[in-house]
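What Swiss-Prot says about this protein:
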BINDING   Ala14, Tyr15, Ser16, Gly17, Gly18, Leu19, Asp20, Thr21, Ser22, Gly122  ATP binding site
BINDING   Tyr92, Ser97, Asn128, Arg132, Ser181, Ser190, Glu266, Tyr278  L-citrulline binding site
BINDING   Thr124, Asn128, Asp129  L-aspartate binding site
Amino acid sequence: MKGVFTVAEKVVLAYSGGLDTSIIIPWLKETYGYEVIAVAVDVGQGEELEPLEEKAIKSGASKIYILDKKKEFVEEYIWPTLKAGAVYEGKYLLGTSFARPLIAKCLVEVAAQEGATAVAHGATGKGNDQVRFELGVKALNPQLKVIAPWRIWNIRSREEAMDYAAARGIPVPVTKDRPYSMDRNLWHLSHEGGDLEDPWNAPGDDLYLIITPPEQAPDKPTYVTIDFEKGIPVAVDGEKLDAVALVEKLNDLAAANGVGIVDIVENRLVGMKSRGVYETPGGTILYTAHRELEYLTLDRMTMHFKEMVAAKYAELVYDGNWFSPLKKALDAFVDSTQETVTGTVRLKLYKGSCTPAGVKSPYSIYNEDLVTFGAGGDYDHKDATGFINLFGLPLKVRALMEQKTGLR
């Protein structure tokens, strides 16, 4: 009917300006007729954000939100994970994993503000990020439709994606000669794809964009002290810093000394293994320091149980269950353990290594008088006899039974 104007539905796209999200804008318009609203969440990408506004509009977005969430990222996502001591499969400090729920939260908020009916992301059908984005959206607004182009379109490789972009005049920061997929934020820089897909290939020094290769780091060690209050880092070398500035300063210190390179073949949630090389300089320092302070301030039972919690916490974060009831419950436990994790840790940084070089706390339960090998002290060696007799009683009873019945 003449004179009828149909307003296009809106979709909010998690936009990075990289290859995947760059071609998704025209694809959403061509495929669904959506008005595309791009959202870039600033979690410390740095200069990568500068060209995004112009690029998003040229790619066909009606508008773009660039949201500065660095402070929230550190205080509400990094610090809880650090306090938990969560490390996935013994190596991965979860830099991408805990950024995704924050981005999902921002998508949901902008969708509500714009009256959008859908959100979209550029995660592939082979990766973990699709799960992390979509679980976050489901937890925060289950009414929103989620569009995942990589699970729908006919593009099957990065080379095809680059051809699609070239045909539409969309510049992307990837070449067929160096097709690495990278994700950068305040916490880390990840590298995947290309020659890294063969785990026999060692990463070349030219791969690293943040960290100085250890062999090229200074020949003299650097010492740094970090102050913690209830498990949260608050100062570097005695200087009080806000959360973002603190991470940035430690990134610079660690990177200059070659600290924070992790090369891992990890088990993805979706069932396959993948190889990633991560640059996590400041994070490596903070995890080392935080753990050292816990050695001094946590009792044996709490520390051992917390190690199990840390493994589960890491799995929850890695799997995209940031907003789950279990994670909330684990946060309550972790916070209770951090009441006495206050003190100062000194670390030695040298050619890729990060070594504890001193720790002190007003809440230390290390008692020098008890453990001293010197004369005196508060410990009576005779007390050990009764303890050993009782502690070893089950073993003694079992051995007597085996002797009596002929089992041994």
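Backbone N, Cα and C atoms are what each Cβ position is placed from, and that goes for glycine too.
Pairwise Cα distances among Ala14, Tyr15, Ser16, Gly17, Gly18, Leu19, Asp20, Thr21, Ser22, Gly122, which the record gives as the binders of ATP, peak at 13 Å. Classification of Ser190 (L-citrulline binding site) by DSSP places it within a strand. DSSP assigns Ala14 (ATP binding site) to a strand segment in the three-state reduction. Ser22 (ATP binding site) is 28 Å away from Tyr92 (L-citrulline binding site) when you measure Cα to Cα. DSSP classifies Ser97 (L-citrulline binding site) as coil under the three-state reduction.
Among the binding-site residues Ser97, Asp129, Tyr278, the residue whose Cα lies closest in space to that of Gly18 (ATP binding site) is Asp129. Counting neighbouring Cβ atoms within 10 Å of each of the binding-site residues (Ser16, Ser22, Ser97, Asn128), the lowest count belongs to Asn128.
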